[in-house]
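Enquirer: Have a look at this one before I ask anything.
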Amino acid sequence: MNPYILAILLFGLGLGTTITFASSHWLIAWMGLEMNTLAIIPLMTQHHHPRAVEATTKYFLTQATAAATLLFASITNAWLTGQWEIQQICHPLPSTILTLALALKIGLAPLHAWLPEVLQGLDLTTGLILSTWQKLAPFALILQINPTNSTMLILLGLMSTLIGGWGGLNQTQLRKILAYSSIAHLGWMILILQFSPHLTLLTLLTYFIMTFSTFLMFKLNNSTNINSLATSWAKAPALTSLTPLLLLSLGGLPPLTGFMPKWLILQELTKQGLAPTATIAALTALLSLYFYLRLSYAMTLTISPNNLTGTTPWRFPSTQLSLPLALSTSMTICLLPLTPVATALLTP
């Protein structure tokens, strides 16, 4: 892709998110979301492959449906209350429709079916943008409207953690596994949203860090399925030895960074008198942990049958910058001792 066109598209992505962040009017926020969607579509189709075109079409139709529902709900709210302010959602009907529209935009269960299919058709770089940056603007709106229907949020959160764990069990494609991991993490964020928005923000930031390092690691090894992970020892042995720690951090295993948000969320749910909800959420986390352990096992304890003894796989030197990967990997593994600092910074 022409670097000027790429710069314009990335600028459009950033501008769309910034407009949504800065807006207090529903129409302006909707415009920002539309700019976001339209800017990423050329990035998704830059590799002219039938799977990429299919994934782009699915993504466009889903996002257009969510945007139309969002516009309908905001107009309904203006009709019922006379307010266009984002934070003035006081009627339960538009509040519920807006929450479901934003859930469709980010891929919460049961509105999740598009996310694994779309992510599977993309390259790892565009998949990383879709898994991280594209969730910022809808989450900013969810945090601002602060939905009042607590039962619906808890059901959405528990269903997402359950489907995110269950759906990834039988997958062999790494991008689909990361998509189901995204659904599960989004479930944890929505589960705690109404009780502690700053914990939702902390979970979102830690998820971004962990996903960034995992995508960069798969990109460096050029791995797209579980079988290709077994050959990564010959490509980057030092990084391959750290990769199981990244995956287990995504699963939320102590003493890694991914344990921090889960620990704080379970603690807050128990404080709110929702011990059964916390128990179910903790049990669904075991499903996610299983497929991360499966990936770790494939990397550390198996040898690819295609890798002949004494033969090193031919590869060109990687042109990927190592500093972002080194920083994100260190943060993914070592941030748990800084939990008091993180909670102090994010607590209002």
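Note that the numbers count up from 1, one per residue, in the order the chain is shown.
Placed from the backbone N, Cα and C atoms, the Cβ positions cover glycine too.
All annotation found in TrEMBL is predicted automatically rather than curated by experts.
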Enquirer: Name the residue range among 122-143, 232-253, 320-341 that TrEMBL annotates as transmembrane segment.
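Expert: Per TrEMBL, the stretch marked transmembrane segment is 232-253.
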Enquirer: At a threshold of under 8 Å on Cβ distances, which of 92-115, 151-170, 201-220, 232-253, 273-293 pairs most often with the transmembrane segment (177-195)?
Expert: 151-170
Enquirer: Would you mind giving the whole-number mean pLDDT across the domain 'NADH dehydrogenase subunit 2 C-terminal' (289-341)?
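Expert: That region's mean pLDDT is 76.
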Enquirer: Using Cβ atoms and a strict cutoff of less than 8 Å, what residues sit near the transmembrane segment (92-115) while being 6 or more residues removed from its termini?
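Expert: Sequence-remote neighbours of the transmembrane segment (92-115) are 33, 58-59, 62-63, 65-67, 69-70, 72-74, 76-77, 80, 134-135, 138-139, 141-142, 145, 147-149, 152-153, 156, 159-160, 162-164, 179, 182-183, 186-187, 190.
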Enquirer: Residue list, the transmembrane segment (151-170) vs rest of chain: Cβ under 8 Å, 6 or more residues beyond ends.
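Expert: Those are 96, 99, 103, 108-110, 112, 116, 176-177, 180-194, 274, 277, 280-281, 284-288, 290-291, in sequence order.
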Enquirer: List, by number or range, the same-chain residues at least 6 past the transmembrane segment (232-253) whose CB is under 8 A from its CB atoms?
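Expert: Distant Cβ neighbours of the transmembrane segment (232-253) are 181, 210-211, 213-214, 217, 220-223, 259, 261-262, 285, 288-289, 292-293, 295-296, 299-300, 307, 312-313, 315, 325, 329, 332-333.
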